[in-house]
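Sequence annotations record features per position, and here Swiss-Prot assigns ATP binding site to G28, P29, I30, N31, S32, G33, K34, T35.
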Amino acid sequence: MFFDREKELEELTDLVSSKPSMITFTYGPINSGKTTLLIEFSKRLPREYIVFNINLRGRFIREEKDFIKVLFMKKEESESIKNSYKGIPIPEGILNEILENPFLFLEEYFEEINNSGRIPVLILDELQVIGDLRIDDLLIYKLFNFFVRLTKELHLAHVFVATSDSLFLERVHGEAMLHGRSRFMLVDDFDERTTLEFLTSNGLSEEEAKIAWHYLGGKPSYLVDLLQRSRIRVEDYCKEALKWRTSQILDSLYTLKGRKLRKVIELLSKFRENDEITYGPLSEEIVWSVRNNILFADPRERKLRPQGRLEKHAIELALEKLRNNF
């Protein structure tokens with residue numbers, strides 16, 4: 001369900017209106033609407049653009065060959081050129097040939113599209129799933145080198161990479177090979193005004209919308225799920241969501257012991273009084289809290305905060321329960 005991302009859409013449209021020159025990383029807290037935004041962006045592009053939107057979420061990728069196969073899709077012989085694809089269309093039977101040098105094939109393919117007067121837009125969603133694959137060297141570095149060649153060197157295609165994994169993004173942000181060759185675009189949860197507009201425009205009363213904002217904040221996935229549970233009172237839904245999220249955080253905390261547990265509790269306790277804090281080097285407690293989707297780290301701003309408003313409430317309740325249990 002798409003709603004009021006005109007500012008972000010305008011920014012994305014501005015990026016593709018000029019010659020390709022940088023890789024654009026779209027990032028943000030979990031479930032903040034990055035995928036939905038990029039799909040809507042793809043739909044709105046004029047016919048001069050051809051979009052290749054490849055989502056790696058849920059794909060079983062164990063080695064480089066698996067990733068390359070995900071990039072491509074079988075092309076029917078009679079199929080005409082479309083505006084949008086979920087993979088790079090190739091004739092049946094040539095995949096093994098492409099596996100020998102996939103990046104050369106893609107470069108020549110995008111060059112062919114350019115020569116026809118159209119502009120390729122490559123979107124890779126949830127790219128972090130290949131972050132640690134090693135074949136000769138890290139696949140991710142091969143891929144970044146290729147993206148730099150497509151954008152900065154050859155100006156053949158616009159490249160967008162989306163991720164909710166802020167540890168992966170931290171690694172990318174500090175990567176020397178991408179300095180001056182990449183930009184970062186935050187896709188955040190809705191603010192209060194947008195949240196209230198979204199909920200009231202979809203049937204909730206102003207009072208119900210304010211209750212939802214108090215508990216859930218502006219995370220689109222939570223709000224959409226709330227709207228789909230129309231038979232449940234808004235406050236009941238919100239309290240149940242908070243109970244469930246608190247239990248999830250407690251389950252994660254119960255796996256820790258000793259010094260690490262104390263350090264994580266010390267970190268999370270800072271959010272009783274603060275919505276966000278600054279951070280320096282990534283400590284083990286920050287890495288753990290981010291990896292368990294409790295906190296969101298923004299490497300561009302060096303800010304650390306709960307993944308959302310619901311998570312902030314759940315952190316407070318989880319810490320209270322821990323104090324009562326020990």
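Note: Cβ is positioned from N, Cα and C throughout, glycine not excepted.
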Does anything in the same chain, at least 6 positions from K34 (ATP binding site), have a Cβ under 8 Å from its Cβ, and if so what? T26, Y27, G28, D125, A162, T163, S164, V187
Under a criterion of Cβ-Cβ distance under 8 Å and sequence separation of at least 6, what residues of the same chain contact N31 (ATP binding site)? S164, K219, P220, S221, Y222, G308
Going by DSSP, is T35 (ATP binding site) sitting in a helix, a strand, or coil? helix
For a quick check of understanding: among the binding-site residues S32, T35, which residue's Cβ has the most other Cβ atoms within 10 Å? S32
Per residue, counting other C-beta atoms within 10 angstroms of the C-beta, which of the binding-site residues G28, P29 reaches the highest number? P29
List the other residues in this chain whose Cβ sits within 8 Å of the Cβ centroid of the ATP site residues G28, P29, I30, N31, S32, G33, K34, T35, in sequence order. S164, V187, D189, K219, P220, S221
Which of the listed binding-site residues (I30, G33) has the least company, meaning the fewest other Cβ atoms within 10 Å of its Cβ? I30
